[in-house]
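Structure first, commentary second.
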Amino acid sequence: MIGQVIAYIGLAICAAACGVGSAIGLFKTGSAAAGVLTEDAKKFSKVMVLVLLPATQGLYGFVMALVGQGVAADVATLEQGWLVFAAAMPLAVTGLISAIYQGKTSVSCIYAVAKDEKLSGKLIMFPAMVETYAIFGLVVSLLFTLSI
């Protein structure tokens, strides 16, 4: 029973950390977009993709919690509980940090789109590079969790 509690706490920390990171990133991008769109509302579609990018980490945390729940339900020992807890931490850390920094990167790109909207397709690569580390965290956490 204690092992299951520890496993669920690890999964909850992971989901919460990813969600908090996404909320911070979305706050930054939404604030920047609001300023840009007050000047030129026609740039909405170009800016919206950049605004939403930090939201993906929250989705990754949710996926990890759902997948991990199935494993946590079968935890029989304290050691297994700590293994699930530890397996969730790569995504918890990368999800939190990458969402915040992806938000900052996206804000810079939003301001650049405000000056030249033709750059939006090229600029999306910069926050996408930050996204890569959240994906690595998700893959590592899923592999660790599914091997328990």
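Every residue gets a Cβ built from N, Cα and C, even glycine.
According to TrEMBL, the transmembrane segment annotation covers 6-27 (among others). Residues 51-58, 60-62, 64-65, 68-69, 71-72, 75, 78, 80-82, 84-89, 91-93, 95-104, 106, 134, 141 of the same chain lie 6+ residues outside the transmembrane segment (6-27) yet bring a C-beta within less than 8 angstroms of a C-beta in it.
What TrEMBL records for 9-67 (among others) is domain 'V-ATPase proteolipid subunit C-like'. Secondary structure of the domain 'V-ATPase proteolipid subunit C-like' (9-67) per DSSP (helix as H, G, I; strand as E, B; remaining residues coil): 58 helix, 0 strand, 1 coil.
Residues of the same chain lying 6 or more positions beyond the ends of the transmembrane segment (47-68) and with a Cβ under 8 Å from any Cβ of it are 7, 10-12, 14-19, 21-26, 28-30, 32-33, 36-37, 84, 87-88, 91-92, 95-96, 98-100, 102-103, 106, 109-110, 113-114, 120, 123-124, 127-128, 131, 134-135, 137-138, 141-142, 145-146. TrEMBL lists 47-68 (among others) with the feature transmembrane segment.
Per TrEMBL, transmembrane segment is recorded for 80-102 (among others).
Among the features that TrEMBL reports, domain 'V-ATPase proteolipid subunit C-like' is placed at 85-144 (among others).
The feature transmembrane segment is assigned by TrEMBL to 123-146 (among others).
Same-chain residues lying 6 or more positions outside the transmembrane segment (80-102) and placing a CB less than 8 Å from one of its CB atoms are 2-7, 9-11, 13-14, 17-18, 20-22, 24-25, 28, 53-54, 56-58, 60-61, 64, 68, 71-72, 127, 130-131, 133-134, 136-138, 140-141, 144-145, 148.
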